[in-house]
Structure formats: C-alpha cells, structure tokens
Amino acid sequence: MAGNLAGIYHLNYVVEAWQTWMIYFLLVLMATAIVCYLPTALPRGEMVMFVSSFLGFIVSFVTCLAMRSEDGQSAKAVFVDYQNTSGWSDGTSFIIGLGTCMYAYLAIDGACHIAEELPNPKRDVPRAMGLTMLIGILTVIPWTVAFLFSITDTDAVASSSIPVYTIYLQATRSQPAATVLTVWILFVYFGALVSCIVTTGRLAYAFARDGGLPCSGFFVKIHPKYPSPINATMACAAVIIIYGLIYIGSAAAFNSFISMSILSLNLTYALPQAILLIRGRERVLPKRPFNLGRHFGPICNAFSILWVLFITIIFCFPTSLPTTVASMNYVSVIIVGISFLILISWWGGKRKTFSGPTIEIQGLEVVLPDRDLTSARAPTTTN
C-alpha cells in the first residue's frame, strides 16, 4: 500500500515486488525492535493504537457520508444488487468472500498468547476476545456501508492497486484528503503488526518451553535486562522476513501463506472444542467466570467444528475462474507441506521431548506431571 501510494504521486513510478519486500522488511524490523527493547511501552502504545483506530473509524465514517457525491451508489445498489465478476456462481463467490473476510479477525485470540502476563486471565482473556468481536461488528458494518454509498465508479475500485484510497478519493474528491485517510489506516496497521510480533514471540517461547521446537533451550531464554523472550521473538521475525521473499517470486503463493495462517488459526479453535464435545465440557473445563452453560456451550462447539471443516474446503478454492498459475490458490499444497514437516519433527524426536504445558488453573481435575521449569519460565500469575 505504501509503495502504491508513492506511485499515485509519481505516475512514472512502478512498484517492483522487491521494493515491496524491502518495505515489508523494514516494517517487521521496526516492530520487532519495539517489542524486544521497549516492552514496558507496549501497553501505552497499544492504547494509542486503539484510540487511533476508533478515531479513524469516526473520521472516515463522517467524512465519507458528509462529502459523498450525488453520483454515489443508491440504497438499492448497496443493499440489493450483487455484482459477481469472479467466474463462480453467486452463492459460491459469496461463500469464498466470507472466507477472505475472516482475515480481519485473525488476531482475536491475541489475548490468549499473553495470558500468563495478565493479572486475571480467566476473566480478562474472554472479555478481551468478546469485546474485540463486538467492537469489530459495531464499527465494520457502518464503515463498510459508508464506503459503499461513497463509491461512484465500482470498476475503478475493483481495478485499483489501493481500493481504499480510490474509495476515499471518490468520496472526498481530494487527493490530499484521501492520502491522509489512507496513511491513517497504515499507521493503525503498524500497531497491529507490533501486536502480531508480540504474540508470535510468546507462542514460540511457550512452545519451546514445552520442548516442542528445535533448540528449545535457546528460544526459551528471557533477556535479563528486557523482560521479554527476545530470542524467540527475533527468530519469528526472521522467519516472517524470509517467507516474505516468496512475494518476489509469486504474489499468489505468498497470499496462500496468509490464507494458511487464517485456516490454521481456525483449526486451532476447532481441535480443543472437539475435545470438549468428546470428553464433556464439565469434565474438562474448570469453574470459570465466562460460562456458556450446559446447553448453549455444546451448540457453539458443534457449530464451530462444522464451520471450520466447511471453511477449510472453501479456503482451498481459487478466488476467481478461470485459474492460471499466477492466480492459483496454493493453500492445499502448503497444508500438505506443513503437515509433512510436522510429522517429520514429531517422529524425528519431538515425540520424546515434547511434554505439553503445565496447567496451573485451580479447579482442573487433571494436571500434567510437574516439571522443573524454573530456569526457563517467565513470572506468571496463577488463578
């Protein structure tokens, strides 16, 4: 998006894939440095990003509706008409579109990855996840509707390298205003990137603590000066930067990796819910402030599992027809490849060293055997 913005002001400038990767590299590097060396500033920084996001929503919503042209779309075009240029049937294209929209909720589980650093995780984590969904629904629907009413040329938006900028431009008819609003989104995106680096580092650290990664002893170390798993965080950043190189060769393959992350996240939601259904929620779960009840809980679990199974198949479909090598969806290939690597790691020795997490929540009937993790674990708060 940043590179394409430069192209708007310099018409002869064409963004090359390697230049996009360089911007990508710089942003990941900046976010990683903040996470590793300014850990105490993260809560305040995230609050700034949250306020910026909410203010950006208000400014965008009001600006688009207040300045929209008389040539903007009608209510019938926004709420009734359906334009399908994907090559799929209307129903199939709608379902595939639902899958791609799930990217917006990729980080809902972010609070889970920092649960050990929260004073009351069994209360705060469900609250954070629930409020994220609620705030997202209450903002994204009016924001999207305002955008749709502001569009004067759908073909220009569909063919634009920065659709959001094009919509702002059609709404405001001002290039500076459209640029400011687009850069505002970029700023909030950077805050989201910082959060992603935080959670990936914590995930790698926790997995290494359980003996699930190669060289776990290295990744499990906490920096003596900065209370952060710097080794694990930097390793994750290195992997992110390296697989970003795929974009230079094939944007479709890179986007398939992004889709795979969404699919993998949903699978991690489905697996524990399947365990709850099989073994029984009351037998597995401890007493908790957030309880879906004896009847509604199993319904939610069953629906989630069925939905994930369904969306897993949909995620393997190409987004448009006919399909070429450049537009192919490579998610199915990546699933097979990653599954193969996991099996190699498991049977190659990790089945002997991986012990799983130590559960320290009062009320659980079954707790894994105690292990000496005092040299590896960061301070935690048990509940």
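Quick reminder: no glycine exception, Cβ is built from N, Cα and C everywhere.
Marked as transmembrane segment by TrEMBL: 21-40, 47-68, 88-108, 128-151, 183-208, 229-248, 254-278, 299-321, 327-347.
In summary, the transmembrane segment (299-321) does not lie against the transmembrane segment (128-151): fewer than three C-beta pairs, each 6 or more positions apart in sequence, are under 8 Å. Using a Cβ-Cβ cut-off under 8 Å and counting only residues 6 or more beyond its ends in the same chain, the transmembrane segment (183-208) has close neighbours at 1-2, 5, 27-28, 30-32, 34-35, 42, 45-46, 48-49, 52-53, 56, 59-60, 107, 110, 113-114, 164, 215-220, 228-229, 232-233, 235-237, 240, 357, 378. Residues 82, 129, 132-133, 136, 140, 192, 195-196, 199, 258-259, 261-262, 265-266, 311, 314-315, 317, 319-321 of the same chain lie 6+ residues outside the transmembrane segment (88-108) yet bring a C-beta within less than 8 angstroms of a C-beta in it. For the transmembrane segment (229-248), the partner stretch with the highest count of Cβ pairs under 8 angstroms, out of 128-151, 254-278, 327-347, is 254-278. Residues 139, 142-143, 146-147, 149-150, 167-168, 171-173, 177, 181, 184-185, 187-188, 191-192, 194-195 of the same chain lie 6 or more positions beyond the ends of the transmembrane segment (47-68) yet place their CB under 8 Å from a CB of it. Sequence-distant contacts of the transmembrane segment (327-347), counting only residues of its own chain at least 6 positions beyond either end whose CB sits under 8 Å from a CB of the stretch, comprise 214, 252-253, 256-257, 259-260, 263, 315-320, 354.
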